[in-house]
């Protein structure tokens with residue numbers, strides 16, 4: 001059995017961040033749930049806590065989540081990233097999907113975040129052996 005995952009929710013809307021935390025908090029496999037309201041906080045928490053799963057909003061007060069996703073891909077970040085956004089323009093959606101594929105993460109709607117969290121927790125419990 002592997003260690004429980006840390007979840008980082010990067011969302012500037014406090015009610016939505018708390019809703020994600022409450023919803024996902026019932027899934028076994030997570031040791032702690034952290035909230036970041038902007039990119040600066042997210043970067044600090046990623047460096048300090050190395051979360052196994054990041055729920056990442058795109059529209060943040062100090063930048064775009066898509067840029068943070070790009071940074072994580074460039075750094076070969078080992079955790080999963082779920083890009084949650086209300087963005088519907090094709091450029092953002094296409095870029096998020098491409099970056100998520102490169103990072104082996106997922107670009108999904110907020111309504112799919114629980115399923116993604118369950119999948120990440122399951123992967124942590126049952127790592128693939130080669």
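Placed from the backbone N, Cα and C atoms, the Cβ positions cover glycine too.
Checking TrEMBL for region 'Disordered' across the ranges 55-92, 93-130 points to 93-130. For the recorded site, residue 57 (4-aspartylphosphate), the DSSP three-state label reads coil.
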